[in-house]
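Input: a single structure, listed below in structure tokens.
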Amino acid sequence: MKVFQKKIIRKFFRSLRRQLSVNEKKYSAQMIVNRILSNKNIINSINIGLFLSFDGEINTVPLINALWKLNKNIFLPCIHPFIPQNLIFLYYDSKTILIKNNYCINEPKFNIYKIFSIENLDVIIVPLVAFDNQRNRLGMGGGFYDKILENWEQKKFYPIGIAYDCQKIEDLCIDNWDVQLPEIITPQKIW
């Protein structure tokens, strides 16, 4: 039953965020930048894991550019070439070559010299499809971020979810592998 419920929720919220107007998306991206840049965990960080937007997610390019201006190092996820269903983070700058992965999501071209250990990231900003009042996160369904977020406290990074305000649901039906985020930032509120 949970799998079916999650599929319905994913379909609804993915459709909802794709229906936002260009102006709503632009405004939301700028509000996220403002909130992220004033976040104490970001201010105190050097190495930040982020993602490139896909399927109507909040545009992260303005955030990446703003973080570069503050001399933050940015690392993007890449599907691990040898361990399926796992992500690794690669250093990202304006010269990084991007390729489309099996899900048609842009990611850095694999380069062993640009791999950065998750344990050395200060913050990881994670995407989500929906979230609830308890900051439970529903992702796209691949489990990639669930693996990264598992035991995040021991890995020493601080995870932050970002989403549109319209992606909030009262209660998510969660599984035992789902991870509650310590913080979710939307254009209008910090949860």
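Any Cβ shown, glycine's included, is placed from N, Cα and C.
It should be emphasised that the depicted structure is a prediction, and the values quoted were computed from it without experimental measurement.
Taken from TrEMBL, the feature ATP binding site covers Lys6, Lys7, Ile8, Ile9, Arg10, Arg137, Leu138, Gly139, Met140, Gly141, Gly142, Gly143, Phe144, Tyr145. Taken from TrEMBL, the feature substrate binding site applies to Leu52, Glu57.
Structural mapping of features recorded in TrEMBL.
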residue : record                 : Cβ contacts under 8 Å, 6 or more apart
Ile8    : ATP binding site       : none
Leu52   : substrate binding site : Thr60, Val61, Leu76, Leu98, Ile105, Asn106, Glu107
Glu57   : substrate binding site : Arg17, Phe51, Pro127
Leu138  : ATP binding site       : Lys6, Ile9, Arg10, Phe13, Leu128, Val129, Ala130, Phe131, Leu172, Asp178
Met140  : ATP binding site       : Arg10, Asp55, Pro127, Val129
Phe144  : ATP binding site       : Pro77, Ile79, Gln85, Asn86, Leu87
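Taken residue by residue with DSSP, Lys6 (ATP binding site) is part of a helix.
A count of other CB atoms within 10 A of each Cβ picks out Lys6 as the most crowded of the binding-site residues Lys6, Arg10.
Secondary structure from DSSP puts Phe144 (ATP binding site) in a helix. Taken residue by residue with DSSP, Leu138 (ATP binding site) is part of a strand.
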